[in-house]
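Here is the structure we will look at, set down as structure tokens.
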């Protein structure tokens, strides 16, 4: 006689440690869970509501800010919590983002600080006593570029309560004099070269007082420039003639040029994809380009109602942040044309500078009200230490929100944002104008059969130019073609 019994092993559900939880037996057969999708939808809806409830993006401002507008911000690529800012009164401040206090400040220039960058420590490898130091380059419309030492240990005895103390010559290493006002500055990642904009692009070496060479390709005035952080010999610049020019320092010459309908205010390279870059334009949009094909943009980032003044990439390479003259900050995913987030405050004025922190968790903005503000890149995220259960719950909620993001109620709640009345009214007027233009083009295309359709990603492009060095084989082939043409004639 056989007797069937139920056998259970305590090893399957009794925890080994006191910190572990008892394992619950689960049967994953879908026939036993007919309401699984309904339960998950409810969880996704609750997670979306909680996300909007906990959305508090503003962290605080750095110190007492500046006395004038903030028009230059530079990240320290070798540190997570250090930042440099420059204002219109010529003062530069170096900040500790952890404590939100300044390390040191300099009365650097007698005019507007137009460019700022924190250099790599290898700048002065020839001098052993300067190997471990950090340096900063600043330029201004007073026709000078200055190299500063920002080694934190040298300023550790500075009185933190004296927030108005500004050093003049302390920390200054070298001054470079130019012939005209400078607009924008950036340093090479691997050597002691740096580039400045203005009437021309000048290449400098920190060990020389005069420029090593200059680059130009028909631009009226260079407004901004940026080195590629991966392909370090590639330099991109924007000009006042609505042009974007790419240079190769290995040949010391320009390679490509694109002309747009309106001026570009800022440019930034993708840190993960060395051939892609994004531009901030006067036409209220930001454009994402591939340097291998500049005849069209990869994406167009819309939603701003005024000129986009600055743009920066997240260190992960999948998001960008823009600051606009409409007094707002927007965050975009690189594969989506509309912003996922908008930040604004009542006191914040025109935003001229935005930067991501090096851990992509925070955003720093500078506006012409003199404040340097710190924001969370994800408004609902908190930086506290989380237990394993909290992490698992947050990851589970993110997957649920991703799965049900197209459901009407979840989509409505996740997209809803409170925006200032001025921006909302401007958006309504802009939408009416754009719809009117589209309707007029549709009517015109109905009567004109030869009217071409121009893609949204090509409308801003007036033309592109390539400038390549001809090899001997190319010249020989061209001569043969010319000879064949003359014979045929």
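Any Cβ shown, glycine's included, is placed from N, Cα and C.
Given the structure is predicted, the values throughout are model-derived calculations rather than measurements.
Annotation source Swiss-Prot lists compositional bias 'Basic and acidic residues' at 440-459 (among others).
The compositional bias 'Basic and acidic residues' annotation in Swiss-Prot covers 466-489 (among others).
According to Swiss-Prot, the feature region 'Disordered' maps to 440-489.
Taken from Swiss-Prot, the feature repeat 'WD 1' applies to 65-105. Under 8 Å from some Cβ of the repeat 'WD 1' (65-105) lie the Cβ atoms of residues 111-118, 120-121, 134, 136, 138, 140, 142, 148, 150, 152, 155, 158, 160, 163, 165-167, 171, 189, 229, 349, 352-359, 362, 364, 366-372, 374, all in the same chain and six or more residues away from its ends.
Taken from Swiss-Prot, the feature repeat 'WD 2' covers 113-158.
According to Swiss-Prot, the repeat 'WD 3' annotation covers 177-214. Note on the repeat 'WD 3' (177-214): mean pLDDT across this stretch is 90.
The annotation repeat 'WD 4' is assigned in Swiss-Prot to 217-257.
Residues annotated as repeat 'WD 5' in Swiss-Prot: 259-299. Outside the repeat 'WD 5' (259-299), and at least 6 residues removed from its termini, the chain residues within Cβ reach (under 8 Å) are 223-231, 234, 236-238, 240-244, 246, 305-313, 315-318, 320, 322, 324, 332, 334-337, 430, 455, 457-464.
The repeat 'WD 6' annotation in Swiss-Prot covers 303-342.
Residues of the repeat 'WD 7' (346-385) grouped by DSSP class, helix first, strand second and coil last, total 0 helix, 17 strand, 23 coil. Here Swiss-Prot flags 346-385 as repeat 'WD 7'.
Each residue of the repeat 'WD 3' (177-214) gets a DSSP state, and the totals for helix, strand and coil are 0 helix, 15 strand, 23 coil. Summarised by DSSP class, the composition of the repeat 'WD 5' (259-299) is 0 helix, 21 strand, 20 coil.
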